[in-house]
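Quick look at what TrEMBL lists:
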- 152-248: DNA-binding region (DNA_BIND)
- 9-123: domain 'Response regulatory' (DOMAIN)
- 152-248: domain 'OmpR/PhoB-type' (DOMAIN)
- 57: 4-aspartylphosphate (MOD_RES)
């Protein structure tokens, strides 16, 4: 039993009892506190309590795993680390998992040892991130200060209009629909044209004090944003080795 894992609580969400049983047994043996849920609705009810990590299946009845993750991130503002465990193993499925707010993705059939290793690693990184954020509490980054000074409510670049107050984006008069994170990234970049933001900058300014987010999450969100913007997405430039900037 891993003594360092005793204080961590994990919620396993899967509609297959056998999967829940296997994961719960092995996680308990590793020293974690573990509960299970067979649906998103049950998971939401149980998450009124405090959990440190969510192991989440995708193909659930009713609200599926992707929708549950998005609900937690966007509606409930819950930043719990999420590992998807699913039989869906194509690249689009995995990207959808990260786009929905997942921190890691494991394909079924899975190795129990791999699950335990990924759980341990994600919890360690999450705790390290939380500790670092706590140490910096009350201290604003240089970029945060710049953004607070800039109070533009509507930004127009040619036929691209970003309404910061209404959180809406228009291209050639037609609205394009973005997630909150996509919108926040776009607002950040267009407010400071030609300024390069590293992935770390974007994580700090957009995800702020969320528990733990991978660097590649930024790449996934920007890829989705570019796609939704069509040809206008070419104005978001990737400066290899440096980060992203908006270049009109």
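Yeah, the Cβs are placed from backbone N, Cα and C, and that goes for glycine too.
TrEMBL annotations: computationally assigned, not manually curated.
With DSSP states grouped into helix (H, G, I), strand (E, B) and coil, the domain 'OmpR/PhoB-type' (152-248) comes out at 42 helix, 24 strand, 31 coil. Sequence-distant contacts of residue 57 (4-aspartylphosphate), defined by Cβ-Cβ distance under 8 angstroms and a gap of at least six in the same chain, are 13, 14, 15, 16, 19, 65, 84, 85, 86. This prediction places the mean pLDDT of the domain 'Response regulatory' (9-123) at 92.
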